[in-house]
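Engineer: Can you keep this structure in mind? I'll have questions shortly.
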Amino acid sequence: MKAVLGLEDGTVIKGTGFGAEGTACGELVFTTQFTGYEEALTDPSYKGQILMFTYPLIGNYGVSGERFQSDNIHAEGLVVREACKKPYHYKSTRSIHKFLEDEGKPGIEGVDTRMLTIGAREHGTMRAALITGSDDGEEAVDMARNFPQVTDEELIARVTCKEPRFIPGAAGAWKGSGKPKHAVVVDLGIKRNIINNLHKRGIDLTLVPATTKPEEIAGYEPDMLFISNGPGDPEKATDAINAVKAFAGTIPVAGICFGHQIISLAMGARTYKLKFGHRGGNQPVKDLIENKIFISSQNHGYAVDADSLEGTGLYVKYLNANDKTVEGVSHKDLDIFSVQFHPEAQAGPLDTEETFFGKVVKVLGGGL
């Protein structure tokens, strides 16, 4: 099947299509993950983006569905050097080609992904259009140029839950005095493994939509407010920002990735768009308090401005060891903390899982 990838700067790359026949538009981003394509494609944080893998062969072990981070593919399309035609794994039920086809998502292979990655690092991420069933480069470039910027898109509404949902903590798992604690989780596109990590520690959860007002959250009588990961520009998550403002100082507040940015904004800091973002499972972060290095899984295109933290009560807890951007903050006096990386991994290393989720349990009075 014919396929073409067009970028807003006029770059045209022709290749071979796989998956569904059709068109995908979005911001072209790259990840350095070697594996974990099931998790990445189903991560709601990739909504509005075309995902490109730098690793040259993707799909080797097929698709099982056991590690999906949501029910569906959220990336708009897939760009790879080569898609494996004959995957093998005893749990595999279909190929990556069939997975994309079933989900109505296009893919393109035969692409020099390293060249595109270097271009993104030098010039920044760009809007792109991926067309399968056609190799009309001019059409692809026009579509890319006319597609909205990520800052203009309303992505959160496309991934948040529609109704509140209660998830009881795992029976007998809460290690603390009294009954299990209850966290209200603002769902901005939460990954399944974040839910799993809170659940397996015995914490009762109420997932609420992104537009939930502070007074509605208060009605659930939470012991903690938790802000999830999600796609797009954090400044658009105004309801979540207002929720943090309302509960900061009254109950513990924690967040991951997008949630980290929202907490920082709510406390008075600023965020900015990175040139090409951090995406992959090999990102080193330094704990400035413990003087330790961890390898983390990351997926974000925005970061918190370190200089803007002055006067907010927040301090930098974690720093990216590569580019020195903020990877986590804590409050000097209040139980407010967040990380930019993904301690729950899926995919990626588990170096920081217990560090982060153990702290969640601790501030709730558990871990005794």
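Backbone N, Cα and C define each Cβ position, glycine as well.
So Swiss-Prot has the following annotated:
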REGION    1-178  region 'CPSase'
BINDING   Ser45, Gly230, Gly232, Phe258, Gln261, Asn299, Gly301, Tyr302  L-glutamine binding site
DOMAIN    182-368  domain 'Glutamine amidotransferase type-1'
ACT_SITE  Cys257  active site, nucleophile
ACT_SITE  His342  active site
ACT_SITE  Glu344  active site
Engineer: Give me the non-local Cβ neighbours of Tyr302 (L-glutamine binding site): same chain, 6+ apart in sequence, Cβ-Cβ under 8 Å, ordered along the sequence.
Structural biologist: Asp233, Pro234, Gln261, Thr271, Tyr272, Lys273, Leu274
Engineer: Taking the recorded L-glutamine site as Ser45, Gly230, Gly232, Phe258, Gln261, Asn299, Gly301, Tyr302, identify the other residues of that chain whose CB atom sits within 8 Å of the mean position of the site's CB atoms, giving them in sequence order.
Structural biologist: Asn229, Pro231, Pro234, Cys257, His300
Engineer: To the nearest whole angstrom, what is the C-alpha distance linking Gly230 (L-glutamine binding site) and Cys257 (active site, nucleophile)?
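Structural biologist: About 8 Å separates the two Cα atoms.
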Engineer: Could you check which of the recorded positions Gly232, Asn299, Gly301, Glu344 is the closest Cα neighbour of the residue listed as 'active site, nucleophile'?
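Structural biologist: Looking at Cα distances from the residue listed as 'active site, nucleophile', the smallest one goes to Asn299.
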Engineer: Do you know offhand how many angstrom separate Gly232 (L-glutamine binding site) and His342 (active site) by C-alpha?
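Structural biologist: The separation of the Cα atoms works out to 17 Å.
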Engineer: Tell me the coarse DSSP state (helix, strand, coil) of Gly301 (L-glutamine binding site).
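Structural biologist: The three-state answer is strand.
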Engineer: Would you give the longest CA-CA distance, in whole angstrom, between residues of Ser45, Gly230, Gly232, Phe258, Gln261, Asn299, Gly301, Tyr302, the set recorded as binding L-glutamine?
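Structural biologist: The widest Cα-Cα gap among those binding residues is 13 Å.
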